[in-house]
Amino acid sequence: MQKRHFNLSSAIKGNPWLMILIAYMITSILWSDIPYISFKRLIKDMAAVVMAFMVATESEPRQAIQCILRRIIYIHIPFSLLLIKYYPHLGVEFARWSGGRMWIGVAQQKNSFGQLCLIAFFYLLWALYKKYQESDSPAIKYKTYTDIFLLLLTAWLLKGPGNSYSATSIISLAAGIICYCGLLLMKKLNIRLGVMAWMMLIAFIIIYGTAAPFMGGLSFESLFSEIGRDVTLTGRTEVWKNLIVTAMQHPLLGHGFGGFWTTEAREQYNISGSHNGYLSVLLHLGFVGLILVSLFILDSCRKAFRNLTNDYYWGSLWICYLFMFMINNITETSLGSFSTILMAIILFITVSYNSYNLDTIKP
C-alpha cells in the first residue's frame, strides 16, 4: 500500500461511514462470547477492505474492477460447469430434506452459486449492451462472442436442475434488469431523478428487509407460489421466528462481530445462517451496526448517483448492483460481511469512487 502511495487521510475523508463501521466492528469484539474467533473472522473480512483500497490506487480503478469481474466470470462459470458435469461429488449437493439435486459449482452451497451467476449474468448483459452502443473492432467482436456464450451458459446454470434453483437470485436479477431498463429509458427521455429519490428507494428496501422477519414473511405469497416456492420461503419464516428472539436479547449492540454463529448455535437452530442479511447484522452488531451499515449503503447510493453525470453506464451498473444486493439480502445473507462476493463488489466500487476525482460534481 505504501509503494502505491496510499493516502490514509484521504481514504478516511472519502469513506467516513465505512471507517466508522469498521471501527465499530473492531470494538464489538469486546462483547463477543468468542472474542478470539471473532477476531479471526474480522481479519478475514479486513482482507477484502485492503484489496478494495489496493484497487482504488490503480490509475484506472474502473477498468481494474471490470478486469476483476471478467476474471471471476471467465474462470468460475466454465469451471462450475466442469465440476457439475464431470465431478458431481464437488459441484453437486443434495437437499437436506427432499434429497433433490442442487448445482453449487465452485461455491459452497446453492444460494452462493446463485449469487455468482447473478453477478456474472448482469455484468455480461451490461457489457454487451455497452459494446453495442460503441464502435466495434475485430478484437472487441471476438470478446463479444465469448461474452454471449458465457451469458447463455450462466443463464443455464442459474436455471438449475428441475426445481432446485435459487429463486432469490432470479428475482434479484429480474429486479436489476428492470432497474437498468428504467435507467436507460430515463437517459433516452432525458429524465433525471434526484438523489433523494434513489436514497429513499434503497432506504425502503432496508426497512422492508429488516421488518420482514418480524412480520413473519414477505407478504408476497402469490409471487413465490408462481416460482415454485412455498409461502414459508422454504422454511425461512420459522428460522426468522426463532432467531428474532435471540436477536432481541441484545438488540442495541448485538452479540459482537462474528460472535453469534458458534458450533452450539448451528446445532441449536439446525442451520448455519439467518437467510436475511438485515437480521444477520442485528444478531452480530445490533441496531447500532444496522444503522451504520445502512449509512454506508446510502452513501454508496449517493456516490453512484453522482457517477451518472460523469459516466452514465458505469453509474447505472453501480446502482443496479446496489439494488440487486439489497433485494437479495431480504432472503439471503451477504450484508454483514465484506468477504461475501456481493458485498465485496459494492465495497470495491464505492471505495474506488474517490479515485475518479468527481467530488466537484454536484447532484
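Indices start at 1 and increase along the chain as displayed.
Each residue, glycine too, has its Cβ placed from N, Cα and C.
From a predicted model like this one, the values you see are computed outputs, not experimental measurements.
Within the listed segments 77-96, 337-356, TrEMBL records transmembrane segment for the stretch 337-356. Per-residue confidence over the domain 'O-antigen ligase-related' (164-293) averages 85 (mean pLDDT, predicted model). If you count C-beta pairs under 8 angstroms between the transmembrane segment (164-186) and each of 12-31, 112-129, 278-300, 312-331, 337-356, the highest count goes to 312-331.
Among 193-215, 278-300, 312-331, 337-356, 312-331 has the largest number of CB pairs under 8 A with the transmembrane segment (112-129). Sequence-distant contacts of the transmembrane segment (193-215) (same chain, at least 6 residues past either end, Cβ-Cβ under 8 Å): 186, 237, 240-241, 243-244, 274, 276-279, 282, 290, 294, 297-298, 301-302, 304-306, 319, 322-323, 326-327, 329-330, 363.
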